[in-house]
Amino acid sequence: MMDVKSISVRVDGTEIQARAGATILDILNENGIEYPQICHVPEVDPIQTCDTCIVEANGKLVRSCATVAENGMSIDLSGNRVKEAQTEAMDRLLENHLLYCTVCDNNNGNCTLHNTAEMMGIEHQKYPYTPKEDPSCAVDMSHPFYRYDPNQCIACGQCVEVCQNLQVNETLSIDWERERPRVIWDEGVPINESSCVSCGQCVTVCPCNALMEKSMLGQAGFMTGIKEDVMEPMIDLVKNVEPGYGSIFAISEVEAAMRETRTKKTKTVCTFCGVGCSFEVWTKGRDILKIQPVSDAPVNAISTCVKGKFGWDFVNSKERITKPLIRKNGAFVESSWEEALDLVASRLGSIKEQYGKGSVGFISSSKITNEENYVIQKLARQVFETNNVDNCSRYCQSPATDGLFRTVGMGGDAGTIKDIAKAGLVIIVGANPAEGHPVLATRVKRAHKLHGQKLIVADLRKNEMAERSDLFISPKQGTDQVWLMAVTKYMIDQGWHDQAFIDENVNYFEDYKETLKTYTLDYAERITGLSKENIIQIAEMIRDADGTCVLWGMGVTQNTGGSDTSAAISNLLLATGNYRRPGAGAYPLRGHNNVQGACDMGTLPGWLPGYQHITDDKARAKFEEAYGVEIDGKPGLDNIQMLHAIEEGKMKAMYLVGEDMALVDSNANHVHDILSSLDFFVVQDIFLSRTAQYADVVLPATPSLEKDGTFTNTERRVQRLYQALPTLGDAKPDWWIIQEVANRLGANWNYSHPSDIFSEMASLSPLFAKASYEVLEGWNSFLWGSFTGESTPLLYEDGFNFPDKKARFALSDWTEPAAFPEEYDLHINNGRMLEHFHEGNMTNKSKGIQAKVPNVFVEISPELAQERGVCDGSLVRLVSPFGAVKLNALITDRVRKNELYLPMNSTDKESAINFLTGPAADKRTNTPAYKQTKVRMEVLGGCETAPLPKTNPRNKKRHPQNGVEAERKWNRPGYVHLTD
């Protein structure tokens, strides 16, 4: 009896077993049958514009991409009717496209139009090519990163479909009502004046050369970059001489093969946010030609954001440090590696000997690889015998991790981004993934737009996700825990909780109900400013949803009660049975490409690699045997405690890698004073950051494109990155530098490649026991989560990470926000902008990004602006008890009343947010309460030019539609259908 999940079809007379529900084209592709499909994008629904995929199914001509196969179906791929229809379809496309493949910038072996024409044996065109628009002015070069040539556009609609329904940025469409249809941006404006957010998805999927990265123009080919007045006669000459396209294609194939000899394509993992996008980087020498995502990428597939696609100029920036620097007589002097490393080792070693093991501290990095983080904690624990090691998760994610450890036993995402996309309801609290985690946000936007997913957003600011949501709530700052607990209490009171799940899986329910007694609807309304009706509506939406995922970020964690609010999120999910199942669970959005990995590798004062606690005697003994030293069973100092220890004179030296502590720590004025007081300070970085300016020695490291290694994303997914470029100047990978320092202090390490380091780490860490470079080869990945070492996409399938396998309700009350004197009457929020990454040390090296966002500014509500006499461009000074900044105002309804918003992408003392923030911190983890800052405002100047250019997409309106709307093409006057 045939499996109901499979069907049988006949393809050109051959019987094939196939998936039930698969389209005919799916079956062809899954069985390796090469077939035309110019407009097909596997990641989206069938586009149905090119008609090159037509087949005959049970005697009818149909589009194979949109026709679901039926059991017993007879499919003909080679009959005369099929071939005639396909040829007509291709002729209609080629009428819109001039074939000049040999001199084309896109002749790189991956041009779908070229390859399909060759596959089909096309020799001549039925319809001669004619341009749609005046060639002298048709090409839109307005955008900093890519260009569009309508006269090469075949109107296949791939770019439109992905913009509308995969990225869901909703900028592109095809004007099917034109005499000659073409792609348009918004209402037909130049690209750079549109709502385009520069994700580059359109360029990635374009099957020809209509959309091209500007960085590719004239760069890839041996015969590209030829001027128009020479190129056009060459094209005409070739067409007149050659008897058909076959000969022309043969020449272009030779040229494409020549390109392969100098164009290197290397798989890498993005170095910006925590989503973990992977893609190919195309290089020629040290030139980065383009970023090309592929369907095999496990997280993003073909998607990117502006930074991942276009934000790599920093790699070749002239501001890179390429030689070691030693401070002599108050100024930096270039030195040799020998001199610099000898000095670092001797000074750090002598300080340890003179002042003791606790006199040296280590700050690791969320930007460097897992392997490099591992050797940094090993340097601290083995060579310096100290647990004084931490990373930037202290500034952001430690409270989320703490809340999860207390409730479910593991500090990571419950599932994957695919689970988020599957959820019936997504709740986003204190996060702005459309700007901070853009590719992850696309999956939520797509599920919400097309698949009925519901969306709740809780934020002080009306960001893009709030605009799209079914319910947007804006509670008073620092009160998220109150409404979360009120929702939980209300659901329990109504009997909407999952009692069976709780009985089987969770401890302390009765104690938890006692804790909830205070959190009535009336209490929550008074504290949060939300209406009781909103709180009830949230409860009802959770009740009705088939799976709830909660995503949260710095708006939760960077508060005095960040850990307890994170625990409250987990409590709500436990009470409603939203763990241990797909499409549900807790998702703290990790901010950096490898902040998850930095923690996983043990660069934490209380944790050894693989989340083995420093107080665990057995775990510690294992590392002691491997390292040959005794490891202190007491946690070391975290980032914040290290600064206190420096101030108190107890810590004399610090070794900091890939972190701009002088800008990212709170109360920056005070931090600067502290760093200046160190006896010896080593900074390892790719730029002379603000922090590096306080160093005694600066060691030049390499960015991700110049080394091998692994990163771990927000899903707990480990992925390999491969060296794409040679190191610049004398810069070295961080793992090499650390090993050289360690060996000068007697360590005798002998790592020859990061794979050696990974193997050692995995041998000591059960979570990674079955991970290896072989497992991670190519596009493969590994998700930690099982102490028997298996890859674990969904956590807790075998129970929660406690001895009895049961989770625990956290019993925590709300902590009030930090108090400020009355004169500080405005609350100032902060966060990322889409175009920039954090303080901008990398993205501010990109001319294109800087053109989109040239300045930092403060967002002010229309109400406050009217009250205080502020307009766009007004110069204002913001003053807190801890410092002051001066910058221009941007009036926007994204903020309301007395709320201000200051993007964090500034390295300037005049405008960086942390010259305002103070010492308040999360009570459990010491994470600074960056979000609890109040200021007063002084208006210094009148109306000037708005600090956000008119060409920034925030000033534009989106144009949503459901994909390409191919029906409009079919309804054009005179359109002749090729299907039956």
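Along the chain as shown, the residues are counted starting at 1.
Note: Cβ is positioned from N, Cα and C throughout, glycine not excepted.
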Given Swiss-Prot annotates Cys153, Cys156, Cys159 as [4Fe-4S] cluster 2-binding, which of Cys101, Cys104, Cys111, Cys206 belongs to that site as well? Cys206
Based on Swiss-Prot, name the residue from Cys163, Cys208 that is recorded for the same [4Fe-4S] cluster 3 site as Cys196, Cys199, Cys202. Cys163
Packing count at Cys156 ([4Fe-4S] cluster 2 binding site) (other Cβ atoms within 10 Å of its Cβ): 28
Under 8 Å Cβ-Cβ from the region 'Disordered' (944-980), and at least six residues away from its ends along the same chain, one finds 44-45, 47-49, 51, 54, 60-63, 85, 88-89, 155, 157, 160-161, 164-165, 169-171, 173-174, 176-177, 181, 186-187, 192-198, 449-450, 851-857, 872-875, 887-890
Under 8 Å between C-beta atoms and at least six residues away from its ends: which parts of the chain pack against the domain '4Fe-4S ferredoxin-type 1' (144-171)? 38-39, 41, 43-45, 47, 49-50, 93-94, 96-98, 113, 131-133, 135, 138, 181-183, 185-186, 191-192, 194-215, 217, 302-303, 306, 309-310, 442, 445-446, 449-450, 847-848, 851-852, 953, 958-964, 966, 969
According to DSSP, how is the domain '4Fe-4S ferredoxin-type 1' (144-171) divided among helix, strand and coil residues? 11 helix, 3 strand, 14 coil
Hey, for the [4Fe-4S] cluster 2 site built from Cys153, Cys156, Cys159, Cys206, who else sits with CB inside 8 A of the CB center? Ile154, Ala155, Gly157, Gln158, Val160, Val183, Cys202, Val205, Pro207, Cys208, Ala210, Leu211
Over the domain '4Fe-4S ferredoxin-type 1' (144-171), what is the model's average pLDDT? 98
When DSSP states are grouped into helix, strand and coil, how many residues of the region 'Disordered' (944-980) land in each? 8 helix, 0 strand, 29 coil
Secondary structure split (DSSP) over the domain '2Fe-2S ferredoxin-type' (5-81) reads 9 helix, 25 strand, 43 coil
Long-range Cβ list for Cys153 ([4Fe-4S] cluster 2 binding site), cut-off under 8 Å, min separation 6+ in sequence, same chain only, gives Asn96, His97, Lys132, Arg182, Val183, Cys208, Ala210
Cβ-Cβ neighbours of Cys206 ([4Fe-4S] cluster 2 binding site) (radius 10 Å): 25
